[in-house]
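Annotated features in Swiss-Prot:
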BINDING   ALA143, ARG144, THR145, GLY146, SER147, GLY148, LYS149, THR150  ATP binding site
COMPBIAS  17-43  compositional bias 'Acidic residues'
COMPBIAS  66-79  compositional bias 'Acidic residues'
COMPBIAS  373-382  compositional bias 'Basic residues'
COMPBIAS  844-854  compositional bias 'Basic and acidic residues'
DOMAIN    130-301  domain 'Helicase ATP-binding'
DOMAIN    373-533  domain 'Helicase C-terminal'
REGION    1-84  region 'Disordered'
REGION    352-389  region 'Disordered'
REGION    821-885  region 'Disordered'
MOTIF     249-252  motif 'DEAD box'
Amino acid sequence: MSDDEAFDIAGSLALKDEDDYSDSSSNEGEDFQDEIIPSDDEKEPSPPPKKKSKPNPQAFPSLELSDNEGNNDDDDDDDSKINSYFINNNPTAKKAKAGSFASFGLTKFILANIAKKGYKQPTPIQRKTIPLIMEGRDVVGMARTGSGKTAAFVLPLIERLKSRQPGGVRAVILSPSRELALQTYKQVKEFSHGTNLQSIVLIGGDSLEEDFSKMMTKPDIIVCTPGRFLHLKVEMQYDLMTVQYIVFDEADRLFEMGFAEQLNELLASLPSNRQSLLFSATLPRSLVDFAKAGLTNPVLVRLDAESKISDQLQMAYFTTKKNEREANLLYILQEVIKMPLGSEEQIKKLKDMDKRKIDSDSEDDDDDEERKKGKKRYKFKKERLPPANRLPSPHSTIVFVPTKHHVEYVTKLLRDAGYLVSYIYGTLDQHARKNQLYQFRVGLTNVLVVTDVAARGIDIPVLANVINFTLPASSKIFIHRVGRTARAGNKGWAYSIVNEKELPYLLDLELFLGKKILLTSMHEAKVEMLKKSSTGTFIPPVVNYTERLVLGSVPRVDLETFQELYENLLRNNYEIKVLKDVAAKGEKLYHRTRQPASQESLKRSKEIIESSWDDQHLLFGENLEKQKDAFLAKLQDRNSKQTVFELKGSDESLVEFMNRRRRQLAPIQRKAKERKELLAKERLAGLTHGIEDEILRADGENGYGVDEDELQEAFEDADKKKSFRDPQFFLSHYAPASVIQDQQLSLSTSFANEAQAATFDLDNDDKIQTNKQVMRWDKKKGKYINSKSTDKKYIISENGTKIPASFRSGKFDEWRKQRNLKPTSTVEDDSNKRFKHKQQRAPKLPDKFRDDYHKQKKKVEKAIESGVNVKGFHTPQQEIKSTEQIRKARLLKEKRKAKNARPSKKRK
């Protein structure tokens, strides 16, 4: 497409009234099923005055911002910058409204694909990043999950590449998970419809030979996971110097999953003039360091920095005892969410769905093959996915568990309880993963049990509820979990089950979010104070589940009923019991490897446990057992308290021992009580100041693990320091808030990592280390061997880093030799896209008794003339010998001469 056509977009579009369209969608690449209905007032560009023209169904919808958007001064400034940029570079862009897709200077076919997707207006992250990306700048984009980040980098990518060019890969998109890679690949295919751009997806779990074939076609765009892409790059020794555009999608997740070495290795093999984009929901310090090293003068674009979770999200936290977590889960599903049980018809339909193939590509291939064979193929009724802004089912719920063993255990438990359940974990087969996800999205199942691999990347636009079976150790993981609900302006609930060991992590979450914990006793005390101070009719305050972390327990009577149900299921099903034991072992390892909570939260958790933290939750209204509890409290506060040793009074020595013990503990208890009362008074007076006070009183604290000054110094538009204190040298008397928040955003806090970071080794200048040989006895070899010789083998890459030797196993060389292909090269012309075999085989020998005797005879004669060895026929000698033949003949002649040219006996 020529440049003139690209510039003449705005003039060729029939724009509609901006009042006919709603606000912009916040989904980043989901399929919208909404119809684009043309307005009745819309007319053709030059209608005749006599007749009233019909609305044009092919007209492009209005893409400008609504009146409600763009009221902020920052948005107006950004829109003016965008408009001025495109007016200077595109004369026809003056007709397009500022902030619309048309004003970005996108070509006509891209705008048409946007219309097919149902997008009407760009989201804020798209309005701010697309102009910068099209300028060629390196961008670091920060926005919440579901804000449209995928389209923000896919649209400029297609605009820049435009059409197919032979020579090598030009764009690489790195995703942390297989699901996110497939979802991004789907968006790339949809937005590039109408072009000849070739794109492929490379994910783990697929055949290496298939990936070899894909890479040999030298596509324009590669959507991949880092592990598989680096494996193919090292195995094939693939040249990436043609890459112009690289995207790190969900970059913080890439670092969490341990892809830092792969990313650094890939960066070293890319050209220096590439354009790099980094999109993330949060920005920990390790990611800032990576951006400094891998990006050139990057521009930081931040949205929603002040809020970490949606303001439409309501949260409830339920306390549990050691063996009552499953009963709490069953109670939440049955009584709180009102989850319906599955009928026999639904279960039968679910079993039939397991038989069908969800992968559309494989279905198309099977259809073509069976159509060629003339076979009839039974076709299932195709279920249509709901629109992206509609719930899969009214009770759609995701249950997050810590390990894959918990996934199997909880899935089996809920299915035996009668619920329709799907499940996904990291090592699940790719086809089974698609099948389970499809069943949930269609609405055949209401519950999806997953590990943290589904916190991102799984294509579920809107959810009703999220349940945390266990509270995660990192507050950042919690944010990504609950980010699956309350999206696009919809309300949602997040329920979390918390025990005593997880309470410190809840306090860390309180500090991280800046939202205080609300106990039932605290709320009742507040109500009593307001009731005493009110003069007229008293209206109790409404509990705000959005701004407070409301903590409490499930009603005890109902919980005991569900506990009996759980024990009955456990007693009657041996498989659930086995899965529970396996999950318990996995949970021990999980607790051993998770990062510890902060010391401040550990201290505060003891105080909260003592202050009736497990009272009935405010969500369930008035406590019916309150009178019984009050009676028990009266018994506890009686004057004469006797222990079991003093009841009968038979042994006077025990009675004397208990009295002496009371006298010893009395002053300690009195001092502890006075200290508690003093701390409570000081807190009310505002005299104390600690980490929690700094967090809860701070204004504009973003909580992303990196200070504002550090972000401004690392990226563009750095401001001057506003304080006389230099943060590099100033030492406070208490640990600052960033310490807690950095711990929540850190990847690992193990001693090995901290010790490695603190190591100061002067001998490691050029990676030469003195390896200390540790010998051990090998039973098989019967001798002492070096213990390091049994470790995993590595190879040194071009960047100097160690890569597993399995990455270069020679599989590609074998695959290439079998097909007689040349090594990969970026300068070859691959316009024909076919590989012609050059193998020559001897033809069949002619048979006199067959009709094709003369034909085969001619083939044999032709093969002999061309030098092919045919059995029973002598190949004609070549008239001109090659240099190798001359050399061999000369050597043979010298050998014969040395052997035979001896003096004869007659001369003696």
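Here the Cβ of each residue, glycine as well, is placed from N, Cα and C on the backbone.
Features recorded in Swiss-Prot, as mapped to the structure shown.
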residue	record	Cβ neighbours (10 Å)
ALA143	ATP binding site	25
SER147	ATP binding site	23
GLY148	ATP binding site	22
LYS149	ATP binding site	27
THR150	ATP binding site	25
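Taken residue by residue, the compositional bias 'Basic and acidic residues' (844-854) breaks down under DSSP into 2 helix, 0 strand, 9 coil. Secondary structure at GLY148 (ATP binding site), as computed by DSSP, is coil. Sorting the motif 'DEAD box' (249-252) by DSSP state (H, G, I as helix; E, B as strand; all else coil) yields 2 helix, 0 strand, 2 coil.
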